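Trainee: In case it's useful when we look at the structure, here is the feature table from TrEMBL:
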type   : residues : note
DOMAIN : 20-128   : domain 'HIT'
MOTIF  : 113-117  : motif 'Histidine triad motif'
Amino acid sequence: MGNMARSKSDPSEGKVEDCIFCLIANNQDQEAEVVKKNKELVCFRDIDPAAPHHYLVIPIHHIHNCFSLQRDHIGLVERMAEMGKAVLREQGITDMMDIRLGFHKPPYISVDHLHLHVLAPSSQISNYMIYKFIPGTPSFITEERLRKRLKDNAPPVKFFNNCLSSL
Ligand SMILES: [Zn+2]
Ligand SMILES: [Zn+2]
């Protein structure tokens with residue numbers, strides 16, 4: 001994160017030096033296995049897969065995390081999910097009920113560049129990593145739930161209300 005001060009409405013979001021996902025988004029990481037890309041988003045394989053299919057979808061433009069999102073980002077979250085599902089279909093996944101799409105909430109994030117986890121089949125998520133991807137826990141929120149919260153103008157994450165407000 002360099003010397004950037006972080007705040008919820010950081011006006012300096014854009015490309016952040018030393019951000020590994022900004023490098024991937026800008027084709028500067030040779031290791032990354034990009035599977036889909038458009039003008040707005042990039043999808044690549046998670047280097048530490050928790051399921052037979054595990055991809056990350058990121059916006060090319062640096063946004064910190066789901067705490068940074070507001071109502072106007074509903075469309076973005078939707079498009080991220082659409083790209084994730086498109087990749088799964090292209091990879092031969094047919095049971096779209098057995099998939100998991102969601103975001104980690106701070107402080108449970110590995111890279112502070114907004115990324116949607118796309119996992120399939122969700123019934124085959126590794127036992128030792130499954131705790132990271134349980135909807136409604138303090139660490140993980142599904143994309144659907146996040147969109148609903150943004151729509152309701154509820155903060156994406158109310159840490160202390162979590163037990164009451166998450167399904
Ligand atoms: Zn970044
Ligand atoms: Zn993550």
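Cβ coordinates are placed from backbone N, Cα and C, and glycine is handled just like the others.
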Trainee: Counting by DSSP secondary structure, give me helix, strand and coil numbers for the motif 'Histidine triad motif' (113-117).
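Mentor: Residue counts in helix, strand and coil order: 0 helix, 2 strand, 3 coil.
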Trainee: What mean pLDDT score does the motif 'Histidine triad motif' (113-117) have in the model?
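Mentor: Mean model confidence (pLDDT) across the motif 'Histidine triad motif' (113-117) is 98.
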Trainee: For a three-state summary based on DSSP, what are the helix, strand and coil counts in the domain 'HIT' (20-128)?
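Mentor: Computed counts for the domain 'HIT' (20-128) are 32 helix, 26 strand, 51 coil.
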